[in-house]
Amino acid sequence: MRGGQGAARAPVIQFTNCRILRGGALLREDLWVRGGRILDPEKLFFEERRVADEQRDCGGCILAPGFIDVQINGGFGVDFSQASEDVGSGVALVARRILSHGVTSFCPTLVTSPLEVYHKVLPQIPVKSGGPHGAGVLGVHLEGPFISREKRGAHPEAHLRSFEADAFQDVLATYGGLDNVRIVTLAPELGHSHEVIRALTALGICVSLGHSVADLGTAEEAVQSGATFITHLFNAMLPFHHRDPGIVGLLTSDQLPTGRRIFYGMIADGIHTNPAALRIAHRAHPKGLVLVTDAVPALGLGNGRHTLGQQEVEVDGLTAYVAGCSVESALEAASLHPAQLLGLEKRKGTLDFGADADFVVLDDSLHVRATYISGELVWQAEEARP
């Protein structure tokens, strides 16, 4: 139903009385959807001489592209880094539950783990389109084990690894294959890392720099080799210093390849990063900001002891903060920018004509009222139901 005569015969739905996020602005326009794609109404009117088959009044709400979370470790009691015989059911549970948060696509994330965990878990998390069953799986984000011991954070030291002489073969042996992998976070100061970065990017895998003690020069060399992302900026890396700003300096570096944009993930909860630091990063490089949750299995469960890979974590209170950028910028950081990072901006993260009709309906306080995937309502707030 995505193209050809089948799509042309599909019903046309017109979403009215809404503000659409398009081109960095909220526009008072209607959104037209057919066959799972965003439709150009002018072509509909003048070439097909058709009108909408159905109209849906959005009550003045905001329509933004569906959110894309490229770093989520689990949630609702599910830990993606725990091997089991049925990993898929856990991924499916998280995929379904995050629809209420406006997430239409995500990258399940594995923290540093034993080799047997990678070998068992990765084949069970295939790329999958979203729908009423849950958000789409874009591919796995492997955060580790090729990271710095000094900046390992919550990653278990016993399972950290360095690259061997035959570095890329070592990567393949560690993970057991890369078929379902979309992002790999590594520390660029490790020996042979640039060889690995080039090999991964040649396969279309995004390389992210993180959990690292790299100086700026080393980070710039990694970007020149193909790295395009920074894992949770400011966290698990050397602090900014005016003589050598480290990985943070990539945001304003003049040594990056022409036309190359560096993206950076931020956990905008006011705890992992002070709101002032988030504002500094955003003002220095607003088009690179990618909002991530870095959610742990405790998501949706409240306080107490929960797992994160091979370790236990204690959750005591959850707080969220607004960092101080415009609504439009925040929404693009949760949709357009991660799509651009993954090379999906023609289909995801946008409401441009021809894009996938994955979008979220938000009220003025940015509470999610409804979530759509391929133009189909997949979640709706109780109070918003007729």
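Note that the numbers count up from 1, one per residue, in the order the chain is shown.
Including glycine, each Cβ sits where the backbone N, Cα and C put it.
What TrEMBL records for 62-378 is domain 'Amidohydrolase-related'. Taken together, the residues in the domain 'Amidohydrolase-related' (62-378) have a mean pLDDT of 92 on the 0 to 100 scale.
Within the same chain, the residues at least 6 positions away from His232 (Zn(2+) binding site) whose Cβ sits under 8 Å from its Cβ are Gln71, Gly210, Gly265, Met266, Ile267, His272, Thr273, Val292, Asp294, listed in sequence order. Look at TrEMBL and you will find Glu143, His211, His232 tagged as Zn(2+) binding site.
According to TrEMBL, the active site, proton donor/acceptor annotation covers Asp294.
Of the listed recorded positions, namely Glu143, His211, Asp294, the sparsest Cβ surroundings within 10 Å are found at Asp294. Residues Gln71, Gly144, Ile147, Gly153, His155, Thr185, Ser208, Gly210, Thr231, Asn235, Ala236 surround the recorded Zn(2+) site, their Cβ atoms falling within 8 Å of the Cβ centroid of Glu143, His211, His232, which are themselves excluded.
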